[in-house]
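Asker: Let me begin by handing over the structure; questions about it come next.
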Amino acid sequence: MGNKQTIFTEEQLDAYQVRYSNTFIAAKVNILQSQLHGRYHELAPHLVPMDYTNNPDVKLPLALIINMPELKENPFRNRIVESFSEDGLGNISFNDFVDMFSVLSETAPRELKAIYAFKIYDFNTDNFICKEDLEKTLNKLTREELTPEEVNLVCEKAIEEADMDGDNKLCFTDFENMISRAPDFLR
Amino acid sequence: MADKQASGSFLRLMSEESQASDLIIVFCDDHQETILDQGRCQGAPRRSLGGYSEDEDAWYPTRRWDRNVPLRNLPVSMQEKRDIRDRRNLQRRTIGCWESWRRSQRTVRRRMLEQMVQALSALQLWGRTLHSIEGRFGVSVKVYFVFLRYLVYLNLFNCLLTGALIQAPVFIFRNNIYSSTFKENDSYLDFFLGTGFLERSPVFYGFYTRGSLDGKCLNTPILFLLGVFSVLIFSLVMLVRRTVNGYKHKWMLSGRYNFSMSFKVFCSWDFCIHEPKSAAFKQSNIRNDLKMDLEEERFELLKSQRTLKVRVKIYFLRILLNTVVVILLGAAFCLIYIGTKYSHQQKDSKNYPWLYSLLLQYLPPIIITLVNFMLPHIFRVIVKFEDYSFTSQVNITLVRCIFLKLACLALFLFFLYDTLQKSPQNNQSCWENQFGKEMYKLLVFDLLATFTDTFFIMLPKKLLSEMYPECFLLKVMGRQKFLIQLNVLDLVYTQTVTWVGLFYCPMLTQICVCKLFAIFYIKKFAVQRCCKPTQRMFRASTSSVLFHFVLLLGLLMAFVVLGINLNKLKPSPTCGPFLGSSTVFNVTTMCVDSLPVHVGDFIKFMSSEAFAVPLIVVEILFLTSSMSLRSANNKCIERLKDMLVTCSSDKWYLVKQQAAWLQDQRSPQQSSSRAGSVEGSAPPEPRAHLDFHPLPERSVSQPCDTEPVPTHSRPPWNES
């Protein structure tokens, strides 16, 4: 950015315990803060103030966030933004924005990612991944290029594999159990 | 309540309760929520899980009050993190300074460790290249390059070992001065043949003499032996460690937890994709993968429906084709034998032009490389006729290729050993150098072949296909693919040759490192410039466990070859650190004899049978106990899984009971007609419900404001 004016107070910088996202070299926290603020500001320059020292309450709508280059090609972008927003509809404040980048970065711990992944895949937000959620996931993943019977077969098989307590839905414990055994080819 | 469903060799309980009607489920869900989230008001935001009070069970295990969890690992919003931080700060003031110092030390240590790990992972070789390759070609191609990088690290450490134990003592304690000048008869061909200049250099065995380091136990020959064996044992330890870890993850767990379909649905999307083309490509990959899975299931179904006649025909065809494969392998081995014999016979004649004699010298490596280039493609064609599922096809071809590669090398070494043993020892001016030269030639030719293949076969094909896309010949040959398994087998071959030849050509590890670096850049060029990403994903055998296992096989072969050579062949009397001894192990016997009596006796005892047999018996005991422990744990796991299902169905049963009772509470006038439709064993339970859960009464009474609140606490149907 190059501008010398302070965007955040020291206290705010302390409060944002952000992780380093996708960089190989650890950057200083306040540089990353300015970068993230710059990105947030770019999305809606007329809405987002440059100076955050008095904690303004600004929320950006879903439509602006999902056009960011990192999210544009992601089939789950709507769900991602919704699960990080406080009202569940996709209106993101700067806090939520930082949160989102923080969790999606490389260095976030696996348990945290598993929790948010569960929220993302839970389309009807009933704290279970049921068959309809799975079907929606699969359709988004393959751009609806599989026939309905194939979708049905795959979803049934996935639930049969991962469901541990026999209720035909995946609760968070089932999901976490399955994710923790995902193969890491490159260990 | 529950019925059993067979899956594999264990029975799984399937809950019948969960298949209840939708109406009850919806009702139960509503009430489950009102039951479970007490303090939550209706309009509260869905996302903030902090709405749950601290004593309750959220749907994920809460660890907010565990002070050791760093704030940024908690799945709550920024605002809540600030609240928790303030609360923790408050608590910090109320605890003593010793406790707070300990905690701050813990956080400092944790942060330092994290930073170190990040710095180390940033320092890894070729990090960015691998990242970009993964982005374009997917994870399976990256597996090859990661394997290559692992071999580079292994060989670098081996270089350190050989440098310290083999090369350094010889250079330091050398009697005559080593001059690396070119003499009259040397030529550039020496780099390819290993003669002349190279023969006098530290590359080959002949350079290493006893020198002035001549103690009883600390002398150059012992250090030489120590160096070679430490390299082999270190490699063995690293490989076994990796193979066992991978085996644990891949085969033991996947036998019990077979999540392949779930992984494909939940874990296959790469969240780092930016470009629309890569996204479309990834999506078609996923779709093809799923279609292949379904295709395989259909194949299995068809297979189980085959009639006897069809099955006999298929078995006959398979036997025929396997015979063809065996014949091909036999022909390849004969070719190698002829080549080795001819090359050895013509070795000493100097009448031929230099190119012809160069080719003659390189005849065995040329034959081996040609055979390994052509036969795998033939195997791939043959296996298509044998009527296996796609995964089995890939696996069978891979097994055949592995066998081909390792058997060719083993046979070549056997013929070499045979030749060296048969020819009279006096004529061989230094048979160890001869052996080392053959290994050196194998490595050099393999590098040349890789280079030629990339720049003179793949690159022209790619340029042609760009200039004339409709050419018929190119269509017949098909699109260029990066065949991961074959490339990995080449790496395994390189590493095996390095291990086998290490004793006779001590600088082979350094040469191998240079070669691996060259191969990395050549293959990187090949992948990025000459190949297109494939639409079908590779199945089954891209797991690195299999590759490490094959590498382990190569290492075992190296051990066997070295063992046979050291035991059966006498060290040559004119060169090397062991000249004058009848066997290589004379130096170790001398060292052991020079030690104090008790230590020497102890060492002799350890290498005798009296020690080996009890050791084997103890190991067998350990194995048996581990196996019985394992089967006991298996049974325990199955029981626990059944318990999970029963607990869940119990929960549903109770929720349904609750829902039915609450519905009765709401509409008491309909209760008499519904008396019979509720669970038969109902009557005593609802009262128990009242005792256990007084709370639902409160939460349900809100929507029931308009109706008269029931004045009696007994369930309505008890009246009738």
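We number each residue from 1, going along the chain as drawn.
Note: Cβ is positioned from N, Cα and C throughout, glycine not excepted.
Nobody curates TrEMBL annotations by hand; they come from automatic prediction.
Annotation source TrEMBL lists transmembrane segment at B:150-173, B:222-240, B:315-339, B:354-375, B:396-417, B:499-522, B:543-564, B:611-629. What TrEMBL records for B:430-541 is domain 'TMC'. According to TrEMBL, the compositional bias 'Low complexity' annotation covers B:664-674. The region 'Disordered' annotation in TrEMBL covers B:664-720. Taken from TrEMBL, the feature compositional bias 'Basic and acidic residues' covers B:686-696.
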Asker: What residues in the same chain, six or more past the boundaries of the transmembrane segment (B:222-240), come closer than 8 Å to it by Cβ-Cβ distance?
Answerer: 154, 157-158, 161-162, 164-166, 169, 208, 213, 499, 502-503, 506, 509, 548, 551-552, 555, 558-559, 562, 577, 584, 587-588, 591
Asker: Is the transmembrane segment (B:396-417) packed against any residues at least 6 beyond its ends, judged by a Cβ distance under 8 Å, and which are they?
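Answerer: That would be 325, 329, 332-333, 336-337, 340-341, 364, 368, 371-372, 375-376, 379-380, 383, 386, 388, 435, 438, 485-486, 489, 492-493, 496-497, 500, 541, 546, 550, 553-554, 557, 561, 564-565, 568-569.
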Asker: Select the range from B:150-173, B:315-339, B:499-522 that forms the most Cβ-Cβ pairs under 8 Å with the transmembrane segment (B:543-564).
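Answerer: Comparing B:150-173, B:315-339, B:499-522 against the transmembrane segment (B:543-564), the winner is B:499-522.
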Asker: Provide the three-state DSSP residue tally for the domain 'TMC' (B:430-541): helix first, then strand, then coil.
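Answerer: DSSP classes over the domain 'TMC' (B:430-541) add up to 84 helix, 0 strand, 28 coil.
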